[in-house]
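Straight from TrEMBL, the features:
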TRANSMEM  A:6-25  transmembrane segment
TRANSMEM  A:37-56  transmembrane segment
TRANSMEM  A:68-87  transmembrane segment
TRANSMEM  A:116-137  transmembrane segment
TRANSMEM  A:157-181  transmembrane segment
TRANSMEM  A:193-220  transmembrane segment
TRANSMEM  A:249-269  transmembrane segment
TRANSMEM  A:290-316  transmembrane segment
TRANSMEM  A:336-369  transmembrane segment
TRANSMEM  A:390-410  transmembrane segment
TRANSMEM  A:416-438  transmembrane segment
TRANSMEM  A:450-472  transmembrane segment
COILED    A:628-682  coiled coil
DOMAIN    A:689-908  domain 'Histidine kinase'
Amino acid sequence: MISSSLVIAVSFLYLLVLFAVAWFGDKRAAEGRSIIASPWVYALSMAVYCTAWTYFGSVGRAANTGLWFLPIYLGPMLAMILAWIVLRKMIRIAKTYRITSIADFIASRYGKSRSLASLVTLITIVGILPYIALQLKAISSGYAMLTTPLGEPRQEIGLWLGDSTLYIALALAGFTIIFGTRHLDSTERHEGMVAAIAFESIVKLVAFLAVGLFVVYGVFNGMGDLFAQALANDQLKPLLMLGQGTQEFAYPQWFALIILAMLSVIFLPRQFQVMVVENVDERHLKRASWVFPLYLLLINIFVLPIALGGLLFFGQGAADPDYFVLSLPLAHGYEWLALFVFVGGLSAATGMVIVEAIAVSTMVCNDLVMPFLLRTERFGSRASGDLTGLLLMIRRVAILGILLLGYLYFRVAGEAYALVSIGLISFAAVAQFAPAMLGGMYWKVGNRQGALAGLLLGFALWIYTLLLPSLVKSGWLDAGLVTDGLLGLAWLKPEQLFGLQGLDNLTHALFWSLFANISAYVLVSLWTRPEAREASQALLFVDVFERTASTHPVFWQGRAKLSDLRNLTERFLGVDKAERLFTEYARRLGLAQTKDIPANAQLVQYVETQLAGAIGTGSARMMVASVVEEEQLDLDDVMRILEEASQLRAYSKALEEKSLSLEKATSELRAANEQLKSLDKLKDDFMSSVTHELRTPLTSIRAFTEMMLDDDEMDLEQRRQFLEIVVGEAERLGRLVNQVLDMAKIEAGHAEWHNSDVDIQSVVKQAINSISGMYLENGLSLNLHGEHEEIAPIRADPDRLMQVMLNLLSNAAKFVPHPGGIVDVYITDTTEGVTVGVQDNGKGIASNEQEQVFEKFRQAGEFSDRPQGTGLGLPISRQIVEHFGGRMWLESELGAGARFSFFLPRLKDAQQLERTEEESA
Amino acid sequence: MSAKVLIADDEQNILISLEFLMKREGYQVSVAHDGQEAIDAVAKDKPNLMLLDAMMPKKTGFEVCQEIRSNPDNADIIILMLTAKGRDTDMAKGLALGADAYMVKPFSTKELAQKVRELLGAAG
């Protein structure tokens, strides 16, 4: 046993540490250096799911039912797989519309309905009280266990004021008030609190793992030993099996529990608070979706071993399994470990209570008290004065109230139930929100009447089938209600409603309540028409990802005054905050002063959204409506506004496309410019080459003529030789000028083409005839091979083809040895066209130079004995052949001569022919 | 002893005319038909002055100029570059690579002879 003063001192010390962490978190947030802006902290804060119920209750449940503690954690693990889809949408919606609680979420979706908000809040309070009671019970029992000497019965709980549990509740309320309601923020975020919760999650995990390790390796010799002993024990063996011995495995119950837990992890007020409201960055969800399940896995690893260990050590029924985590270390004299475990349990309980109380107090204030207060004359729309203080006061009172009510429930019903059963009652209550929430996010047809009907029916059935029996079992109601049914009617038995048997009470209650809830929601929604305001909200929620801020439709029309809206904001958010919000709004519009802000629908919506964060959507709607002149929207207006918005969206899309195409055009222009530049450079290079080619013969001509002019005594032979050179260079100059002009004409498309049906063979023969004299003179031989009877004509310009042939033949003559050179001409005819080849027995051209010969002013071979040429013959020839749709190429090897060939197609394609004709015209 | 002049040009006719001109001026003349020949000729028998065409096969006049100047022994060879491309950049390039003077084709034979005399006179 541990002295009570020590336990109390350690508990308060722990709360102080918590206080310090929260204070630090708030301080850093105020400095703009958030410590919770991390996916790790986000994931750890989610672990507020694991309360004292997990900490103590899981072991208890495992000791009674074996693996049945698991579904409560399998559900959340499965739910997190869907987190990216469902939670992200919830976060996006909540952030866009400043939604700060589940009640607000549902109310806002269904036309900012205040009645719906109040109903959800009531359900939450009623549903959550047992859960808070459970935490108080856990702390109180844990405290009693630590301070009672081993083996003695636990002390009776003292009278009201003598009961330490009351003081625990008050202390928690104080802590929550300090960190949950320090200031009013329209986003309702509490950085310090989140930091403290994440810290608590670490403490409880470490403490639980510590006691787990102690039991498995301290009390027993590892997992193997523990499970072997349990298997050897006939009473414990069934705990290790799914089917619980002889009974069949209860699939419905197993899956009902999993679904229940899946829904709870999303819709419990504290989960909504940490996962949605306190979320800093949507992307944190990604890491949380595996870290949180991992956390659940870790905290569950030792549940069964501790349960089995406790049962083996104490024997069945001898000790309360809910508190094995404390009794096992105590029984072995490890009092410090027990104290540490108690602190872990304390952290599990306080974490839950703090977050839950904050979440519920926000709901109570915004959705229950404010709508009522604002209707009174004192605080109503015509009243003035800063209400921020009042808002905070309401929340503080609400927190205190919630904890005291929880304490009351604990006193009234707490003793009758095991921890887990209490928790499941709460789970089943919040599961009632699922149809309205999920339907609201994904089903546009779902409406307010449907949600109201579903929630009312589901909640009523929850009370009847689950809450009433729990009160009966606590002895507060006549047991006949459960055994005989209401008014003695058997089909009204709360745990066997309409004769449904064979299910445990939880599955039974869940089945009926959700069945009725969903049916009512769907049927009534289909049956009734939504109001305009609902229809517009439905669109905003369901399509939240499809709209960006700039193209959000604003469903409001009427007249407003800037000063009225400003005053309203100041009343609920304070003067400073209002100033900041309006300055920010003006800045976003690009306005210098807040007084220039236009009082239009956008501003009304902005103010309403900001107010919604502080006082709830319903109240915000009412307050804004009271200071502006509104025109009632009907469904046609909603459709019109939506139409306008989608036009705006289409317009912005068109703009985007236009800017894209402009961008494309710009890059195309840039590319064209680059091309022009390179063309310009090509032209420049061409001019430079032409200049070079012109200057070279001019140089010789000038030099020789000058020298002859200077030197009268030069002998005749010398003079004659020089004059021959001058004449030759002059001829070269003439040729060059002609060819440059020719080339330029062809390239510019100004060349004249006189097309007719040409017999290629006769052109080749003519060319051979006209050049054969030159060949003979130089002792070269020239032969034609592959002569045909007749060759089908080809559409071309015969003079141009002659030019090509002469060029090839004279080139060949230049490169063959003198004398002894042999040039062979081949003609090949196919249906596609005619190929002409000119083969010489010269030195040949190296492969790396072969393509260069077709470039302008590029001549291959040994330059020292380079024959006189302009360097334009081959390029011009190739251009001519290509003009007729053909191609020209070279095959050669060094030392094995060269063969220049060209191919001319017979153009069957009428279009191609036409094109050629046109060009020649 | 008369000065030695090396003429490097790939155009046979220009070579003939320059050879005639330089001989008439009284120099000992040798010729090269491309860049590589020019470098070999310098290595074999160092000239006092080179008439170097800028555009030649195998090695351009610029490359020849650079290679000759990279050997300190050849620092005293006077290089007169001849080019048919009259662009300023070409001239600047030639002078930057170590040529002493530059003439654009077609040139006046009198001016060329004068220039050669000047260059050799200054060096001698």
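Keep in mind that glycine also has a Cβ here, set from the backbone N, Cα and C atoms.
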### Residues of the parent chain within Cβ reach of the transmembrane segment (A:116-137), under 8 Å, 6 or more residues beyond its termini
51-53, 57, 102-104, 106-107, 110, 165, 168-169, 269, 349-350, 352-353, 356-357, 360, 363-364, 366-368, 371, 402-403, 405-407, 409-410, 413-414, 419, 422-423, 425-426, 428-430, 432-433, 448, 451-452, 455-456, 459, 462-463, 467, 470, 616-618
### Query
Quick one: do the transmembrane segment (A:6-25) and the transmembrane segment (A:336-369) have at least 3 Cβ pairs under 8 Å, skipping pairs fewer than 6 apart in sequence?
yes
### Query
What stretch in A:193-220, A:290-316, A:450-472 has the biggest tally of Cβ pairs under 8 Å against the transmembrane segment (A:336-369)?
A:193-220
### Summary
Averaging pLDDT over all residues of the coiled coil (A:628-682) gives 77
### Message
Against the transmembrane segment (A:290-316), which of these stretches has the most C-beta pairs under 8 Å: A:68-87, A:249-269, A:450-472?
### Response
A:68-87
### Task
Would you confirm whether the transmembrane segment (A:193-220) and the transmembrane segment (A:37-56) meet the contact rule of 3 or more C-beta pairs below 8 angstroms, pairs 6 or more apart in sequence?
yes
### Query
Do any residues of this chain, six or more beyond the ends of the transmembrane segment (A:390-410), have a C-beta under 8 angstroms from a C-beta of it, and if so which?
125, 128-137, 140, 165-166, 169-170, 172-173, 176-177, 180-181, 183-184, 353, 356-358, 360-362, 364-365, 369-370, 373, 379, 572, 614-615
### Task
With a Cβ cut-off under 8 Å, give me the same-chain residues at least six positions beyond the ends of the transmembrane segment (A:68-87) that come close to it.
49, 54, 58-59, 61-62, 254-255, 257-266, 275-276, 285-286, 288-290, 292-293, 296-297, 300, 303-304, 420, 438, 441
